[in-house]
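Over in Swiss-Prot, the protein carries these features:
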type	residues	note
BINDING	Arg13, Asn38, Gly39, Gly41, Lys42, Thr43, Thr44, Val67, Asp69, Gln159	ATP binding site
BINDING	Thr43, Gln159	Mg(2+) binding site
COILED	228-359	coiled coil
COILED	401-598	coiled coil
COILED	635-673	coiled coil
DOMAIN	635-734	domain 'Zinc-hook'
MOD_RES	Ser635	phosphoserine
BINDING	Cys681, Cys684	Zn(2+) binding site
MOD_RES	Thr690	phosphothreonine
COILED	706-734	coiled coil
COILED	789-1079	coiled coil
MOD_RES	Lys959	N6-acetyllysine
Amino acid sequence: MSRIEKMSILGVRSFGIEDKDKQIITFFSPLTILVGPNGAGKTTIIECLKYICTGDFPPGTKGNTFVHDPKVAQETDVRAQIRLQFRDVNGELIAVQRSMVCTQKSKKTEFKTLEGVITRTKHGEKVSLSSKCAEIDREMISSLGVSKAVLNNVIFCHQEDSNWPLSEGKALKQKFDEIFSATRYIKALETLRQVRQTQGQKVKEYQMELKYLKQYKEKACEIRDQITSKEAQLTSSKEIVKSYENELDPLKNRLKEIEHNLSKIMKLDNEIKALDSRKKQMEKDNSELEEKMEKVFQGTDEQLNDLYHNHQRTVREKERKLVDCHRELEKLNKESRLLNQEKSELLVEQGRLQLQADRHQEHIRARDSLIQSLATQLELDGFERGPFSERQIKNFHKLVRERQEGEAKTANQLMNDFAEKETLKQKQIDEIRDKKTGLGRIIELKSEILSKKQNELKNVKYELQQLEGSSDRILELDQELIKAERELSKAEKNSNVETLKMEVISLQNEKADLDRTLRKLDQEMEQLNHHTTTRTQMEMLTKDKADKDEQIRKIKSRHSDELTSLLGYFPNKKQLEDWLHSKSKEINQTRDRLAKLNKELASSEQNKNHINNELKRKEEQLSSYEDKLFDVCGSQDFESDLDRLKEEIEKSSKQRAMLAGATAVYSQFITQLTDENQSCCPVCQRVFQTEAELQEVISDLQSKLRLAPDKLKSTESELKKKEKRRDEMLGLVPMRQSIIDLKEKEIPELRNKLQNVNRDIQRLKNDIEEQETLLGTIMPEEESAKVCLTDVTIMERFQMELKDVERKIAQQAAKLQGIDLDRTVQQVNQEKQEKQHKLDTVSSKIELNRKLIQDQQEQIQHLKSTTNELKSEKLQISTNLQRRQQLEEQTVELSTEVQSLYREIKDAKEQVSPLETTLEKFQQEKEELINKKNTSNKIAQDKLNDIKEKVKNIHGYMKDIENYIQDGKDDYKKQKETELNKVIAQLSECEKHKEKINEDMRLMRQDIDTQKIQERWLQDNLTLRKRNEELKEVEEERKQHLKEMGQMQVLQMKSEHQKLEENIDNIKRNHNLALGRQKGYEEEIIHFKKELREPQFRDAEEKYREMMIVMRTTELVNKDLDIYYKTLDQAIMKFHSMKMEEINKIIRDLWRSTYRGQDIEYIEIRSDADENVSASDKRRNYNYRVVMLKGDTALDMRGRCSAGQKVLASLIIRLALAETFCLNCGIIALDEPTTNLDRENIESLAHALVEIIKSRSQQRNFQLLVITHDEDFVELLGRSEYVEKFYRIKKNIDQCSEIVKCSVSSLGFNVH
């Protein structure tokens, strides 16, 4: 059991904050009494115990009022510390420390808990561990061996909460639930109930899922069977396709070879036709070209080429000169651009220089204006009007410098005067301050000495106070030492360690027997569980057999009518497959016919599309040709338009020739008419009658001569256009022939073919519709039979599985034969629990005996330690008594020194006050002097700075003016203006030269145009001769193609080609049908495999088996949970009733031995089950109340009892709860237990407490703490042999709580 040994308190409530104020209390066993007046700090000790154990603050405080008030201590920070030394449930020594700090802020106090420390002593070594508050709380509850609720409400119950057993119902229920730990067990039951409900729901879900998994498993088996069948059919189909492909390859190769040869023949035929057309066109072109030419050159080709090349050289020479002129013109243009660029740059530079000149004049005006302004400000004569010469400006600068120096000198003199006055004033201030500082140091020094002397005096008085009771304490120590030695001897004599050890050995043997029995029960449980699995499997198999019988019946009833209508009877799988095979063969034949018709229809549709496309292409081609012809001709009458254009070209050629010779003729006529000897017309030889008539003819000829070159140029241009149009129309001659062929032959033939193909398509569609109708009748029968085949296959598989299940049922039945199953799992489990309970009881007894052995050994060790501590304390007190006389003399001496220091400090403070007044006056005078100095200095500096700024601006303008003159900007400006005029003159000369070159180029172009007419005639001759050569080559090539074509056997190739196409079509038709079947099989296999890969069919059998196992296991788990729930519920009820019975028994005994009234026989706690809980809610709740009984009548005490009865009842209930629940912790604290009790009940309470102590005196760990102000009550307790010392709580001269240990005998002396 755990027990507390020592506790120290510092800085808590009224306990002091200095180290010397730390109070230490050692707790006695079995009784510790704390006595003191109200407000002395008794309850604080209980609050400290509760805080150190649970971390909870007293009611009504959050911690800041729990710590010593900083305002009272006159400190900013106050630290509080509580240390407790105790032994845990294992007897190990533990020390716990909790610290707090309270900081005084401006308006409120701030509280903070510091990190706690736990120190354990193991093997003679101390191990410390810093922990957070929550961790310390858990560690304390674990070490003390009781719950936090018991610590708060039973062991260390605060005085304000001491009457909680008679509080209102809800609060009372909460307290009792926490003490009984009922909340945890109720939550455990609720969790079990919820888990059981969840598991039951899961079983239903598993059953539903199992139903679907079974269907998926059966469907997956059916799909696998179908895949196997289709894969066999696919293999056969692939072999047929392969044979067709082997036949087809050599025929395709031969057909390709023949088609290549036919293509070659077709190409030769097309080339011959093209050459014929080309030859005809070339002959026609040559004839037209000869007609267009005025005459044909009769010389050799060499002569024609020489003449043409010489003419070209002449033209090229003239063109070269034209290029040279153009190059010269480009050069002049480039030179003009450069001059224009230079002109622009010079204009920009001229503008920039003009701007600088304007700015220069502006700077001169600004400088003169600033000089006039500053001269006026400084009252300088001779500077009233500008502009100013250089000599005037130098004189101005000299005068300004003199004025600046004078102003600066005046300002410096004024500052020096002020500095002397300030130094004098500071000297006076320093003298006063030195005197004041000296007095301050004296006061501070004397105060420090005073403080030290006061502390020394306080410590000496404290030591004397501690030594006051030392003489009595030595006598007490002698008595305590004799008693301790007597108790040690008695404990060693009464020790029964050996007997307890023998009892432990006996209990260990009994425990070993129980362990063996439990192992046997475990083996029996395992065997029963194994047979339970066998029975479960038997049930599953029987259920599976019934399911399969039902499935077979359903399949037969579902398809019986349908199969009978198709076959005339209900077939088995093989019979149905044979019928399906014959029906499938019929369907395939129909499909083959349908595929052949579809292929023919597709071929006809393709042929129709081809004819439509060809017809559309021919019509578009015709439309395009007609549009092109119309764009060139302007009408559709191509031949007449071409003849008319040729006539116009001929006329234009003649006109061109006439105009070409007109210039020479008109010139000759004019020469003849102007000749004085010639006065008649050169053409008609008519004589002119008058000179005016002659001049009129000359003028007309001259006019025509001037217009002739332009008319020639216009005529040549028109002629070129017409020739170009003629060439274009000649190029369209083949297109015109194509238009005629398209209209008269090709398009009508294609339209006839299209009508024939449409008739074939309609016939094929009728045949296809007939076959599809037949197929639509057969296929539903096949599909219906296939659906039935699936279920028939499943039915046969069910029949096979049914045989297997019947075999397994027989095997499981054989396993269960000869097995005795009278004992169930529940019976064995019940017996196992009983044995386990006995084993736990024996283990607890062993542990208790070991604990008693350990307690007796520790008690003897503790008594030895107590004896040694008393001897050591006696020696220490004897030593301290020898210093008493010395301390009294020291007290008198220190008191005298303190009084003297008080007087000296007071005198010094009286001298400081007049010095402070004088110092303040001198400082104010100095401040005024500094302000005047700063003001005067600012005025002088502002004036000087203004002059400097204006002089600086004048210098800036002067610098800019000098830089302009030194850089020669004015001369540079004039130079740039001269350069600009020169560039403008050069630009004008360049433009004149360009005009002359343009005129020369115009004359050259006219001459070259005249030469081009002769060049065209020579070119036409060369073209004609070249075309004649090409015509000969075309004739030769045509003859060669005819010869090559005659060597090929065209008719035999076409016949063979037709036969090959027919053979290939037949094979392809069969091949396509085979491929269609193959593709159908592949698609069905892929479909089945894809379906098998779907989540519901993948691993369907494994999922079904696993789900069956999970469902059965969950059902067994749910049964176990139900058993455990009921067992736990019964255990909770049994524990609750047993504890309540035990508590009420103790309460009755204590009440009867304590209460002296006759109105109440005894009291007890009633716990009633909650009657308002619904039937569906199986959670158990208890409502608690305290009742008082008189005879057979029970009344609620709450609201009916007196204040004294209420206190006594609460106290007795706490004592009963402590005795019941504090098995590992024998501590209980009673704070003012005599409140509201009369003398008779106080005496009976003291008697009852003594009896409790007596009954628990064998437990060395039992500790009762009693806090009271009633010294009579203490004296009553002191009459027992268990109380020799008690603690008196009082306040010292500093109003801090102190704990003083006193003897009970002295209390009795004082009382009486």
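Along the chain as shown, residues are numbered 1 onward.
A Cβ is built for glycine as well, from the same backbone N, Cα and C atoms used for every other residue.
Under DSSP, Gln159 (Mg(2+) binding site) is assigned to a helix (H, G or I) in the three-state scheme. For Gly39 (ATP binding site), the same-chain residues that are 6 or more apart in sequence and have a Cβ closer than 8 Å to its Cβ are Ser14, Lys1291. Local packing around the recorded positions Arg13, Thr690 was summarised as the count of other Cβ atoms within 10 Å of each Cβ; on this measure the leading residue is Arg13. Maximum C-alpha to C-alpha distance over the listed ATP-binding residues Arg13, Asn38, Gly39, Gly41, Lys42, Thr43, Thr44, Val67, Asp69, Gln159 is 22 Å.
Per Cα geometry, Arg13 is the residue among the recorded positions Arg13, Asp69, Thr690, Lys959 nearest to Thr43 (Mg(2+) binding site). Cα separation, Arg13 (ATP binding site) to Gln159 (Mg(2+) binding site), rounded: 16 Å.
When the binding-site residues Lys42, Thr44, Gln159, Cys681 are ranked by how far their Cα is from the Cα of Thr690 (phosphothreonine), Cys681 comes first. Following the DSSP three-state reduction, the secondary structure of Thr43 (Mg(2+) binding site) is helix.
The separation of Gln159 (Mg(2+) binding site) from Lys42 (ATP binding site), Cα to Cα, is 11 Å. DSSP assigns the residue listed as 'N6-acetyllysine' to a helix in the three-state reduction. For the residue listed as 'N6-acetyllysine', the nearest neighbour among the listed binding-site residues (Thr44, Asp69, Gln159, Cys681), judged by C-alpha distance, is Asp69. Cα-Cα distance from Cys681 (Zn(2+) binding site) to Asp69 (ATP binding site): 154 Å (rounded to the nearest whole number).
Most Cβ neighbours within 10 Å, among the recorded positions Lys42, Lys959: Lys42 holds that distinction in the structure as shown. When pLDDT is averaged over the domain 'Zinc-hook' (635-734), the result is 71. If you draw a 10 Å sphere around the CB of Gln159 (Mg(2+) binding site), it holds 18 other CB atoms from the protein chains shown.
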